[in-house]
Amino acid sequence: MTVIKNAKVLLNDELVQRDVQYKDGKIVAISKVIDDTNDRYFDAKQAFLTAGLIDVHVHFREPGFEYKETIATGSKAAARGGFTTVIAMPNLNPVPDNPKLLADQIQRNTDNGLIHIAQYGAISANLTATKISDIKGMAEAGAAAFTNDGKGVQTADTMLQAMQAAASVNKPLAAHLEDDSLLHGGVMNAGATAQKLELPGITGLAESTQLARDLVLAKATGVHYHVAHISTKESVALVRMAKSAGVNVTAEVSPHHLLLADDDIKSDNALFKMNPPLRAQADREALISGLLDGTIDMVATDHAPHGSEEKSKSFRESPFGITGIETSFQLLYTHLVKSGVMTLATLMKRMVASPAETFQLKAPTNIAVGEVADLALFDLEHESDITVDDFQSLGKNSPFVGWRVFGKTLATWVDGEIVYEDQTK
Ligand SMILES: NC(=O)N[C@@H](CC(=O)O)C(=O)O
Ligand SMILES: [Zn+2]
Ligand SMILES: [Zn+2]
């Protein structure tokens, strides 16, 4: 048995000191003081202990793009970020778009992962076909949910069929919203910054028009429809309206869309290039309000590592996406909780309970006797700079490098095993 001594845990929205004891991967006791001389000890030194974070949107790049990330490096990065369960995206090579490839991918995740990795199956072949994949077969092979993330589903007919199939197997369908006909080669948000930098813009309409279409289809099919990386105020308003109209819709927002806007882009620096693009300050404010009132159910990082060389190119040439799983808790704790925008309890709900419940994941949502010991320990008092050298991810492409943050991860446990421990104490 092991005891984590002197931890601070959230109880009725308050941080209280507790000792937490686990055995064979499960929590067996929680008490103000546990003194068992036979136990191994881990001194939490008053740091914040929580059920491990959950990220429903990560890109681990294996197979196909191992120079960007592997399942081993991606899950190491996740563990360093305090994450114990993630759902991995299918924009791989080969794309898991049939039951055999999906089963292979699940096996690869299990063999090479350090944390729990659930897997999305692709809606259609190679993420682009109009004919839908064998969604029932992939559900039977263990797919957690379905998406073509990286590509928008261009025709209503493909989306309708995918929703019907996902609904019939009772799995969520997650949408990367992007109407290709509205893109016009854009690489950042259409607005003053794009004009100043003379770069082609992407309007919010590319997202919100497809969302409006999908919400009507979701209502008709009853599917659990999930909006990936929501980015505009119009989209937040649409989701709010749809929820009140009884549509079974959930939404995620990324840390970067909560903390950055296009006016933070001062030069042609592709570390700020991602899809959807950073929007205007008014959009950012709407996303924060949506996360506060529950219109947006959860945070998801959209951890999208790329090679340093490709990301050092110009905005026009570099790929979309930023690495993010290692910095998300620190950034959101510092800039939303410590700054007084939301409580720690609300942030944890959006990073643990809500993703677990929404995606029906087998992951603990709180620290309780009998629960699996998937845990993360954060030092809320520790202040440091985000540094590339500390990244476990192969992706160094973060616009947050140099930001000063509180809340470094001290340790992460999966099934009662330490999978990350800070060495700089
Ligand atoms: N978000 C991104 O900018 N890029 C993602 C794809 C995606 O999430 O759409 C990627 O795979 O690199
Ligand atoms: Zn996407
Ligand atoms: Zn993505």
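Just so you know, glycine gets a Cβ as well, placed from its N, Cα and C.
In TrEMBL, annotation is done automatically, which means it is predicted and not curated.
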Q.
Can you find which of ASN12, ASN91, ASN98, ASN366 TrEMBL lists as binding substrate at the same site as HIS59, PHE60, ARG61, ASN275, HIS306, PHE320, GLY321?
A. ASN91
Q. According to TrEMBL, HIS57, HIS59, ASP149 bind Zn(2+) 1; which one of ASP293, ASP297, ASP302 is listed for that same site?
A. ASP302
Q.
For the Zn(2+) 2 site that TrEMBL describes with ASP149, HIS176, which of these is also annotated: HIS116, HIS224, HIS226, HIS229?
A. HIS229
Q.
In whole Å, how far does the CA atom of GLY321 (substrate binding site) lie from that of ASP302 (active site)?
A. 8
Q: Within 10 Å of HIS229 (Zn(2+) 2 binding site) by C-alpha distance: pick out those among the recorded positions HIS57, HIS59, ARG61, ASN275, ASP302, and say none if nothing qualifies.
A: HIS57, ASN275, ASP302
Q | Pairwise Cα distance maximum in Å, substrate-binding residues per record: HIS59, PHE60, ARG61, ASN91, ASN275, HIS306, PHE320, GLY321 | A | 17
**Q.** Residue among recorded positions ASP149, ASP302 with least C-beta crowding, 10 angstrom cut-off
**A.** ASP149
Q: Enumerate in sequence order the binding-site residues HIS57, PHE60, ASP149, HIS176, PHE320 whose Cβ-atom distance to ligand 2 is under 6 angstroms.
A: ASP149, HIS176
